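One structure is given here, and the rest of the page talks about it.
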Amino acid sequence: MTRVRVRGIYATALTAVYLDDGHTVVQASEPIRERFDASFPDDPPEATVETTADRQGVGLSGAPSAVASLRERCTGIEDDALDWDEAVPAGAVFDARVAETTGGGAVLDLGEGREAYLPFDAADGYVETGDALRVQIRDPAPPWLDGRATAATALRTPGVGALAALEEGDALVAATPDGTAEHELVQTTEMLNVDVPDAWAVRWGRAADGASFAALREALETAVERVDELEQALDEAGEVDAPRAVYRPLETAWVWFGRGARFALDDRRSGATATMPGHHRTKAATPAASRAVDFAEAVGVEAEEFPFDAVSAAFGPREGDTLAIEHGKPSGRLITLGSGTVTNCEPSTGKVTLEREMHPGGTYDALGTEREAGDVATTRFQEGREWYMTRYETSDGTSKGTYVNVSTPVELFPDAVRYVDLQVDVVKYPDGTVEVVDEDELEADVEADDVPRSLADRALDVADRLANGLRE
């Protein structure tokens with residue numbers, strides 16, 4: 001089975017999932033070691049699973065077969081756990097063309113629609129538009145975040161969560177866990193009797209601190225093997241010929257957890273430690289909310305169901321707040337549909353009403369009515385509901401139609417409404433006619449493996465029920 005390193009707010013739940021499947025969790029944090037009656041070796045992982053910066057999901061990077069196995073288990077948690085391939089994976093080497101420069105770095109064209117960002121302090125020398133560079137991907141970016149993968153010109157052995165890596169450099173040891181040259185690993189490196197190639201330096205990872213001598217030697221030997229593979233790929237590629245992919249030893253994939261998946265993960269976590277209802281849902285909201293969850297569980301606060309009213313009162317949304325509508329797509333992209341003012345909030349029922357003043361120009365999607373100055377969109381959301389309704393009206397209250405989005409269960413975070421749109425919608429025209437639209441787009445997403453069949457069938461059922469209700 002797979003050796004996996006897990007980090008972030010989903011670590012306990014996913015550790016339970018992976019251990020049950022027979023995988024080996026390595027380099028575990030101290031809380032994980034305390035919560036499970038299991039062995040957690042410090043061996044190098046074949047893949048890592050780490051919570052994304054916005055806490056909405058996880059990124060998986062590592063050997064292709066390992067990523068595939070771990071990814072399948074993540075999406076199997078609940079059918080609103082959606083996954084996507086990464087075209088610019090961790091550790092990949094590209095010949096890139098500088099498309100443009102910004103204040104702090106350069107936007108790189110990697111070919112075939114791929115892009116990355118090169119910070120100037122990660123570049124070897126001056127960089128300007130049109131330059132051709134050989135770069136390596138350091139940090140891939142989730143498709144739903146507004147950012148690009150980060151690259152560097154210095155090369156490093158591909159690996160994620162490794163005890164040891166090799167990077168271009170003259171010193172024997174380039175980095176230690178505490179960042180000092182006095183760390184005992186500096187001397188230990190010489191004692192390992194591993195022949196490190198010329199012009200490459202050892203970068204010891206955090207997990208190397210306290211690892212066994214045998215584990216350190218194995219990790220360094222593996223890093224040397226990866227240098228050989230990398231140098232062979234570079235030799236075969238020859239001179240820089242941008243834009244193109246040169247070397248792709250690892251795969252990276254992304255999994256976004258919907259509300260249903262977060263609650264399913266709560267169930268798995270509760271088998272290992274005290275877990276309040278809505279643990280992951282609340283932690284995904286803000287860092288402050290995440291800390292509050294830790295405190296509540298530490299002092300033994302009990303709740304029978306997700307306390308949306310308490311979470312909303314403490315962190316939002318509240319009446320008068322500005323709330324963005326973050327409209328996820330089955331492709332993994334995220335579109336912000338604009339922001340509105342919370343005109344009504346019912347914490348006890350999880351209901352929020354949002355009003356937006358519309359800008360003139362064009363027509364309302366599917367309704368066909370013109371968007372004019374003074375129009376107002378009134379949208380009603382409810383935490384956990386698989387749809388939301390928007391009514392468009394003129395400044396004098398004349399209806400321009402009603403639009404109902406069918407989606408994954410809605411989550412009302414302090415500064416944004418989050419969900420993934422499931423394409424199929426229900427519209428009610430100004431004349432009262434009701435129609436279900438865009439079923440073909442949902443079917444196309446199912447065929448593209450972007451939406452599970454079970455989730456699509458549920459969305460179609462929701463749309464039919466909504467249409468029948470609007471016709472009454």
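Glycine is no exception: its Cβ is also placed from the backbone N, Cα and C atoms.
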Under TrEMBL, which of the candidate ranges 73-100, 185-212, 213-240, 297-324 is annotated coiled coil?
213-240
Give the range, chosen from 36-61, 348-373, 374-399, that TrEMBL lists as region 'Disordered'.
36-61
Over the span of the coiled coil (213-240), how high is the average pLDDT in this prediction?
93
Could you put numbers on the helix, strand and coil content of the domain 'DUF402' (332-471), residue by residue per DSSP?
28 helix, 64 strand, 48 coil
